[in-house]
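Each remark here refers to the structure printed beneath this line.
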Amino acid sequence: MQIAIDGPAGAGKSTIAKMVAAQLNIVYLDTGAMYRAITYAALSHRLDFDDTAAVAALAETAVIRFEGRQVFLNDEDVTAAIRDPEVSRFTSKVAVIPEVRALLVAQQQKIAGDTDVIMDGRDIGSVVLPEADYKFYLDATVEERARRRFDELKEKGQLGDKTLAAIEADIAQRDYNDAHRDVGPLVCCDDAVRVDTTGLDIPDVCAAILKAIGEDCR
Ligand code: CDP
Ligand code: CDP
């Protein structure tokens with residue numbers, strides 16, 4: 001089984017994908033973590049992000065591995081490091097490099113060829129798994145997505161001096177970059193079920209998705 005979940009930042013993709021994976025006992029693959037891991041590697045090597053050949057060459061040598069909820073890059077546990085705001089900021093620079101996308105898409109397709117999977121990202125339904133059994137596009141207003149991120153950071157004690165307005169501006173910029181790149185842009189495929197999660201809580205969204213794939217919430 002292949003399930004594709006796409007949508008903008010803060011739409012609830014990873015939260016919902018993890019829950020659906022647990023319910024169906026299938027693998028969850030966080031493709032954003034892969035783009036983040038390459039970005040982290042490039043920052044660690046102090047690469048110039050405009051030197052796309054250097055970033056692509058580094059990506060060729062990177063070994064990304066998932067173990068449960070942990071992400072490893074060349075055997076280093078980068079689970080927390082790839083969520084750093086600096087990584088978030090530069091990931092959209094890495095995500096536009098066609099060679100990097102080709103490399104990561106091939107790795108994602110290999111995983112989907114070996115096992116039942118639910119993947120979330122931006123280009124899953126359109127590029128990675130065009131023949132997926134189910135495709136969903138999760139969305140919510142930018143205001144609500146920013147509020148979710150704000151609450152999440154506050155709860156984790158990671159808010160620092162960030163304001164809600166600054167988080168909203170970051171998200172809006174990232175959405176724009178993701179939707180306007182030439183390769184693998186964020187799109188809602190014609191054959192995807194679009195779910196507007198504005199005002200919906202997590203169990204409601206999870207139930208709607210499970211219902212669409214003919215499963216009951218357990
Ligand atoms: O969780 P959040 O929405 O913050 O982002 P993410 O899923 O971790 O993805 C981080 C960034 O990686 C996105 O803003 C995209 O630029 C890029 N990405 C991508 O280009 N293609 C994917 N399939 C997944 C992520
Ligand atoms: O993966 P993506 O960036 O699409 O979003 P996420 O990381 O799954 O969700 C961002 C935040 O919104 C998390 O703190 C979720 O708990 C929260 N959320 C929510 O409050 N209501 C939803 N319907 C979905 C997510």
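The backbone N, Cα and C atoms fix where each Cβ goes, glycine too.
Note: TrEMBL annotation is automatic and uncurated.
Here's what TrEMBL has on this protein:
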- Gly7, Pro8, Ala9, Gly10, Ala11, Gly12, Lys13, Ser14, Thr15: ATP binding site (BINDING)
- 3-213: domain 'Cytidylate kinase' (DOMAIN)
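Recorded features from TrEMBL, shown on the structure.
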residue: Gly7; record: ATP binding site; Cβ contacts under 8 Å, 6 or more apart: Lys13, Asp120, Arg122, Phe136, Tyr137, Leu138, Asp139, Leu186
residue: Ala9; record: ATP binding site; Cβ contacts under 8 Å, 6 or more apart: Arg145, Arg149, Ile171, Arg174, Asp175, Asp178
residue: Ala11; record: ATP binding site; Cβ contacts under 8 Å, 6 or more apart: Leu138, Asp139, Ala140, Arg145, Thr197
residue: Thr15; record: ATP binding site; Cβ contacts under 8 Å, 6 or more apart: Ile202
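Taking the mean position of the Cβ atoms of Gly7, Pro8, Ala9, Gly10, Ala11, Gly12, Lys13, Ser14, Thr15 as the ATP site, the remaining same-chain residues with a Cβ inside 8 Å of that point are Ile16, Asp120, Leu138, Ala140, Arg145. Listed in sequence order, the binding-site residues among Gly7, Ala9, Ala11, Thr15 whose CB lies under 6 angstroms from an atom of ligand 1 come out as Ala9.
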